[in-house]
Amino acid sequence: MASTAPNEQFPSCVRCKEFITTGHAYELGCDRWHTHCFACYKCEKPLSCESDFLVLGTGALICFDCSDSCKNCGKKIDDLAIILSSSNEAYCSDCFKCCKCGENIADLRYAKTKRGLFCLSCHEKLLAKRKYYEEKKRRLKKNLPSLPTPVIDNGHTDEVSASAVLPEKTFSRPASLVNEIPSGSEPSKDIETNSSDIVPHFITGYNDSDDNSGSSKFGSNVSIDVIGPEENSTEHVNDDVKEEAEAPSANMSLNVATDPTLSCKEPPSHSRNLLNKTPLRNSSGQYLAKSPSSYRQGIIVNDSLEESDQIDPPNNSSRNASELLTSVLHSPVSVNMKNPKGSNTDIFNTGEISQMDPSLSRKVLNNIVEETNALQRPVVEVVKEDRSVPDLAGVQQEQAEKYSYSNNSGKGRKISRSLSRRSKDLMINLKSRATGKQDSNVKLSPASKVTSRRSQDLMRDNDSHTGLDTPNSNSTSLDILVNNQKSLNYKRFTDNGTLRVTSGKETALEEQKNHSFKSPSPIDHLLQSPATPSNVSMYRTPPLDSSLTFDRRNGSSYSNQNYSIPSWQKTPKTQLENSDNFEEQKETLYENSESRNDPSLDKEIVTAEHYLKQLKINLKELESQREELMKEITEMKSMKEALRRHIESYNSEKNKLYLDSNELSNNPPMINEISLGESPPVKHVATASSVARSSVKPKFWKFFSSAKPQTEQSIQGVSTNNTNSIVKSAPVLLSAPSSGSNSGRLEISPPVLQNPNEFSDVRLVPIENDANMGQSKDGEEYLDGSNLYGSSLVARCNYENNEIPMILSVCIDFIESDEENMRSEGIYRKSGSQLVIEEIEKQFSAWKVQQNTETPNILTEQDLNVVTGVLKRYLRKLPNPIFTFQIYEPLMRLVKSKKMMENLPFVGGKLSLEAKNSDTYMSSKSALKNILEDLPREHYRVLRVLSEHIEKVTRYSHWNRMTLYNLALVFAPGLIRDFSGEKDIIDMKERNYIVAFIFGNYKDILT
């Protein structure tokens, strides 16, 4: 117990846990540290009471440089720091908050994202919102089914060997070859049709994009209708199949049988099944209107009145008599037409329809999808019959016929084709191209007029049929059409005005030439009504008035060319209008068609116009801003020119004043007393002679008028016995009334580099009115060095009889007396208390050599930074600095000419051995020695003593962090400066370098 009792009396160090028995110690609250333990735990940097440091919760010390910075605001954290465990990022308590709601994060529960920190509530909301949008995106994603590939049944592909059978030629039908289908082929099937089941497979007139053959848009439309079985007539179809197996059809068009596009067989219901599986596409706007379902019932047009009794009514048992009557009233009228020779009706096997090429079938299915909604209209079924006039499809080669067949049994039904009414939008835009050029001699028959009126009435209905699906009585034209399905025919006008049909085959061209007709009517697109009902084709191209034109409306595409449709009389040629008028009207038609835009294009035009207006407004704003900027630029240019002229005048004035000041310095004037009769005594003001730079550089001086007392300043110089240098003395301010000789002259004071407000010993001294007195007592006291802050270094040394001033030696001895002072961090860099420094300066100024022979003990118990401040301040207040004004320019020229900063750089605060062994170093050293020889002896000794002291301080640079170059930065402003003070910024680097170079190599330079 006796051994531990003494240890309990001593405090223990917080860091090393050892007892503090001797020496100094740092105390912070109840904790104590050794002086060597009071350091940063990271960088081991020694700390002091003036250092910026923090005490961690563990008791460890950390300096300001090593402390954590906030990740958000970037400021040093001087209190509580929150460090994230995942990223090791530090946040201050103010920045540790949610970036969404801005609330502080409680309980250190957070979520870190790329956007920043989130509290848990905001993070959960963000996750829920993201999940909701992903689910919504997944629901809205559409996957449209792809078009099914047509299935080709190879089991039914039998080659069709057709033998040509020449049917009986009639007066109204030219000869055409038909094929007799052998008994080994698949029996044809009788199909019961209904208007609701009829869907065209291929109608190019409504979709120009599918027409890849380059044919005309209107005259080259090909329509292939596939008639599928009705769902509620299955038994009837099966009976027809059985009867068709016993007696297959014997006749078929030779060209249809031999067409390569009909080489594959498919079940008759295959197209219907594919239609049911195909998704409906969006159709254009003109096909959206549909008639009611009750009206979608076609009427059968019979060949004879006798056969009309055998045709069963449409299979729709759910409809009552009133509905049937209404549908009949709203449907096209039935026309009974006599067939002069019904046995020669062109028929073909519907089994061959399924034998189409897959490419054609796919195209057919695509067109079915596009036209399904448009073609559910009331239709008229007309039994195919022979005609003695050329069919309309024979002229317009690309409009396909719809074929049907039936056997001669009692149950068999005449297969008819669908003739739905033309679209209202198409028919209302028809107009004759020959308006105004009609032959006045040609008159239409009453039947033709009735047909014209009926066609106009039909245009008012929602007719969706092409209007060109008429029975083909010209079998040669039909053969040409079927034979050239792969290469669709082109219609063009020849030079002689005849209509020519060209195709890939020469035979088709020749046959078409032989069967082209001339219409006696000059009215284009107008069909004359024949005299007999046998020549009537219901709902083909309706007769039009001359006021109707072909036009493009609502996005529907029709032909821009005008074709003359032959009448139903046997005439050999087609009459066309004049070619010049045709070209002129075609251009007019093109302009009219282009002038009408669809709604989407109109919307785009409106949007584009809106954007154009906005751009024009922005352009006007930019132009106005540009004008304002140009005005400002012009004003700035004029201002710049005015400033340049002022600067030039000021520079010339400055140079003149500088020359005057040099003359005054070389020839210091004697200040004489000016006396005028009964004028009041003149006051002489003497100020402390410090040439230290003021805070505001006196570059301009005030002009005094002749009516006021003029001020004159002069810089007095005293030539010493030992040196030739001129020591600047304190300026003397003399005020005197203006005399008669200089009343009209403006006096300009010379530049003075001092700030009298900086010194405490400024006092006003009255001047005796004695003309023989050269200078005042204060001037004599100033010149002998008795005044501390006003005497030159040479005068002060002579006054004290010392090699260096006492204030310098006392300060240096105090700093070097204690090793702790030399290790103090930031020595000469940190500033002491200004009040204490001024108090010490007053004590040094009051000390007199004659009264006190001993060195004063002024710096006892003073702070280190206060003592270093007194030393630096005395050097800075010297009227002529240590490196005098006379050697300033030679030193700067030496540094710049030798390029010492580039060739002899400081590395780690000192010159390297390689640099010291270079020729540049040797030449620079010798030149520098020659320049420093011009210094006064007192300046030279002070420079050497100061260099030795700086070397001792740099030995402790590991502790005090003050290298040679850092100390040079501190001392350079007080040791070297130019006389005018204008080159402080320009020569700053050179001044700092030369001071560091001399401090580091003073042993070689200051010998």
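Glycine residues also receive a Cβ, built from the backbone N, Cα and C atoms like all the rest.
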Among T149, T532, T571, residue with annotation phosphothreonine (source: Swiss-Prot): T532
Of the residues T278, T541, the one that Swiss-Prot lists under phosphothreonine: T278
Record-annotated phosphoserine (source Swiss-Prot) among candidates S291, S331: S291
Conformational class of R829 (site 'Arginine finger') under the three-state DSSP mapping: coil
Other CB atoms within 10 A, centred on R829 (site 'Arginine finger'): 15
